[in-house]
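Written below as structure tokens is the structure these notes are about.
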Ligand code: F6P
């Protein structure tokens with residue numbers, strides 16, 4: 001099986017993340033190094049269905065390692081969820097003479113890859129690319145490190161103005177299902193409270209903590225709220241709630257939004273993506289399929305995609321404890 005692979009496609013799918021370009025570059029250059037043809041698929045699975053392909057050689061990925069976003073573009077594709085859509089995609093791959101593909105994306109992208117593989121026995125390897133860091137089988141996903149550094153930088157700036165005006169800020173960060181960005185950036189930026197989906201601390205505890213903060217002499221406060229938090233109020237409702245119950249606070253809200261997904265990748269993300277790209281191509285050539293490349297204890301590992309998509313990664317309890325101690 002392995003020796004039959006002569007042409008590999010690479011695509012980015014789902015929400016983009018900084019470092020995806022470094023991942024594309026790595027797949028392309030590894031193919032070039034091993035004399036395998038490489039093809040870029042534009043706009044994720046949508047481009048696969050439409051046959052939006054372009055041959056990529058080592059020089060076509062010059063000067064992209066430092067760039068955010070993805071040169072191949074990305075998309076969430078409903079048509080690929082249908083049998084007909086996947087049939088069209090398979091036909092396009094066969095017409096183009098593609099033997100295998102590497103998909104850089106998150107859970108949804110991997111679920112698509114898995115069903116495609118089941119239907120067509122088509123060799124596929126995944127690389128985890130999402131700022132949310134929520135994929136089982138990898139301690140880090142490509143883009144997470146950049147995102148938390150972006151968030152910390154933004155919160156440092158918010159802290160300046162919060163402190164000048166003795167204000168309380170609710171800062172909403174990304175994390176639809178998980179609180180990794182909120183927890184890590186919150187600890188890194190010295191937030192007074194961190195609200196994450198994994199822990200519902202409740203409104204009472206938030207008020208108590210804010211009261212304690214004031215009493216202990218803090219003049220300004222930052223509360224980080226993951227977008228998927230389960231406290232039952234969004235950041236704007238939280239502002240109203242706190243203003244009503246604790247009028248001592250002058251409250252403002254900042255929603256960081258999609259700026260968290262952009263920007264030049266950190267060195268960590270570039271190195272991670274470069275390592276994963278090599279491993280992805282090598283694994284395909286060894287005849288492996290239906291695995292996701294991940295990193296654990298600084299070693300690259302392979303996890304069956306079926307396992308990787310089963311659940312989200314759990315929150316780091318030790319970091320939750322650190323956060324609690326730091327906010328006293
Ligand atoms: O990439 C994951 C994520 O950042 C989530 O945290 C967020 O909910 C989502 O993307 C939003 O993405 P979009 O606006 O592209 O649908």
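From the backbone N, Cα and C atoms, a Cβ is placed for every residue, glycine too.
Automatic prediction, not curation, is the source of TrEMBL annotations.
Look at TrEMBL and you will find 7-283 tagged as domain 'Phosphofructokinase'. Summarising the annotation, TrEMBL assigns ATP binding site to 15, 76, 77, 106, 107, 108, 109. Sequence annotations record features per position, and here TrEMBL assigns ADP binding site to 25, 26, 27, 28, 29, 159, 190, 191, 192, 218, 219, 220. Taken from TrEMBL, the feature Mg(2+) binding site applies to 107. Marked as substrate binding site by TrEMBL: 130, 131, 132, 167, 174, 175, 176, 227, 252, 258, 259, 260, 261. Summarising the annotation, TrEMBL assigns active site, proton acceptor to 132.
Largest Cα to Cα distance within the recorded ATP binders 15, 76, 77, 106, 107, 108, 109: about 13 Å as a whole number.
Only 15, 132, of the binding-site residues 15, 132, 259, place a Cβ under 6 Å from an atom of ligand 1.
Mean pLDDT across the domain 'Phosphofructokinase' (7-283) comes to 97 in this model. In the structure shown, the C-beta of 109 has more C-beta neighbours within 10 angstroms than that of any other entry among the binding-site residues 107, 109.
For the binding-site residues 15, 106, 108, 190, counting C-beta atoms within 10 A of each C-beta gives the highest total at 106. Neighbour density for residue 76 (ATP binding site): within 10 A of its CB lie 17 other CB atoms from the protein chains shown.
Neighbours of residue 259 (substrate binding site) among the binding-site residues 107, 109, 219, defined as a Cα within 10 Å of its Cα, are absent: none qualifies. Among the binding-site residues listed (15, 108, 192), 15 has its Cα nearest to the Cα of residue 130 (substrate binding site).
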